[in-house]
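What follows is a set of notes on a single structure, which appears directly below.
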Amino acid sequence: MTNIAAAAPARWRLKQPSIIPGFGLTLGFSLAYLSLIILIPVAGLFWRSAELGWAGFFAILGDERTLRALYVSFGTALAAALVNVVFGTLVAWMLSRYSFPGRKLIDAMVDLPFALPTAVAGIALTTLYAPQGWIGSLFMPFRIAFTPLGIVIALVFIGLPFVVRTVQPVMEEIDREIEEAAATLGANRFQTIRRVLLPGLMPAILTGFALAFARGVGEYGSVIFIAGNIPYVSEIAPLLIVIRLEEFNYAGATAIATIMLIISFLMLLVINLIQAWSRRRYGNA
Amino acid sequence: MPDQLRSSSATSPAFRDPASEGLLAKVLLILLGLAFLGFFLVLPLVSVFVEAFRNGFGDYYEALIEPDAAAAIRLTLLVAAIAVPLNLVFGLAASWAIAKFEFKGKSFLITLIDLPFSISPVISGLVYVLLFGANSALGPFLKSYGVEILFAVPGIVLATVFVTFPFVARELIPLMQDQGTGDEEAALSLGASGWQTFWYVTLPNIKWGLLYGVLLCNARAMGEFGAVSVVSGRIRGLTNTMPLHVEILYNEYNMVAAFAVASLLAFLALVTLALKTFLELRFGAGATGGRH
């Protein structure tokens, strides 16, 4: 392909020649549908935000309650993503290396947070971790639900499959011989894991971390039940958007949404950079 | 030869495979992993069904046939029945264009298709509120012709289409890219038309991946909460979907009814997972495309 392009660089063309029909139709339909459903509405949000002007925009963001909500959202998402890095990697290790009864079933269960509606997860976790719940009562007088810790619990649930499903395939492809080589060269098991296995797994772990974090920042349904939603303490940014909308404060909702979107897009960029770097460095995603 | 060495030395009781953990470490790691999964996955799922049947099967059944719950179930089915086929057609068109042709800006297009995954559901709803709300240009104009978008079924459908937008395309693109264009080129050179090629050659190749994409899309469409909650207005019996109805019942401390409706959604999730597992065991991980 590059040879052809190099031989005939004269004419710019959108697509390489092909005998397969339907390019115009399918690409045209895809672009039109994408624009109508996603691009124009999202552009509208940025447009509305631009109408606020810099002063108006930062006046809303500088508000104490907004700042606290953003802090709660990003802080709990970060904590949950870190928990998932540790336990998600452990679960991926367990599923790809050990055999024990029920392994297949547990492997299938890991996708549950993808499939279970967030509101269902929210009420179930709240009932479990509430002071009188099955798990919450074990930890009394220390409260889990209706505190920021409850938000972390919900976000751990939501983010777990992102880490497991990015790390697991990479672990399964590790050649056992490199571990045996490390052992013959005198490394103990801990050194092999830390110096031989972990560096190769790092890009996948980082990607999983970023995906879980990005998802956690925007999560709404599973969080609002368990959070208690106390302003300045356990109120997340998406909930504050909903509250502003219910007050018909469209400017407030728009500004918070815009800053969250910008941060999400930056996160997306970081994820892509990690993956591009990992492909260059290790030859896989 | 190395295998013989390994098996002969494994018979000696003092031997431990140096490229693996000791038995005690293994058992501890498995127990730790299982405890974590128990607290975060198994118990929440079990508790949904326990709470739903707390007062017996009679109350459970009553909660589901109650008119507002029945209306919520019907609305959820209606919304999924519109949103899923729309995204199915889009997924097929987009993956055909992306997998069968080489064109400029392709990876950017794939990034754009993934965009809804990185947008908070609440913001997905908000963009339509801004577009069709009372102080927008479009809302009052449409309203003067009697067309209601917000706080009505069309708004719920739009928000659902937005959040479920990437699911089918995301499954099909890697699958069709792996399969290449050889089969289609052969069919076309033998005289098949474009539609025949798609129908008799491409579709049979991708049917399981397509089914899986539709399953995931449907699970999310029926379970979406944040985006729908922003645009629906939560009018009982009219614009209340199942997840919104769960929220209302829960906030009214009507736990048995809330968990009864929730158990239907949890059951849907279990069916989705079971079918996914079946497809992967039957056809290999390749049948269901890449990751989510």
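Quick reminder: no glycine exception, Cβ is built from N, Cα and C everywhere.
Noted in TrEMBL for the protein shown:
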{"type": "DOMAIN", "residues": "A:70-271", "note": "domain 'ABC transmembrane type-1'"}
{"type": "TRANSMEM", "residues": "A:20-47", "note": "transmembrane segment"}
{"type": "TRANSMEM", "residues": "A:67-96", "note": "transmembrane segment"}
{"type": "TRANSMEM", "residues": "A:108-130", "note": "transmembrane segment"}
{"type": "TRANSMEM", "residues": "A:142-164", "note": "transmembrane segment"}
{"type": "TRANSMEM", "residues": "A:196-214", "note": "transmembrane segment"}
{"type": "TRANSMEM", "residues": "A:220-243", "note": "transmembrane segment"}
{"type": "TRANSMEM", "residues": "A:250-274", "note": "transmembrane segment"}
Are the transmembrane segment (A:250-274) and the transmembrane segment (A:220-243) near each other by the rule of at least 3 C-beta pairs under 8 angstroms (pairs 6 or more apart)?
-> yes
The answer for the transmembrane segment (A:67-96), taking Cβ pairs under 8 Å and residues 6+ beyond its ends, is 61, 103, 106-107, 110, 148, 151-152, 154-156, 158-160, 162-164, 167-168, 171-172, 201, 205, 208-210, 212-213, 216-217, 219, 231-240, 256, 259-260, 263
Same-chain residue ranges lying at least 6 outside the transmembrane segment (A:196-214) that approach it to Cβ under 8 Å = 77-78, 80-82, 84-85, 88-89, 155, 158-160, 162-167, 169-171, 174, 178-179, 182, 187, 264, 267-268, 270-271, 274-275, 277-278, 281-282, 285
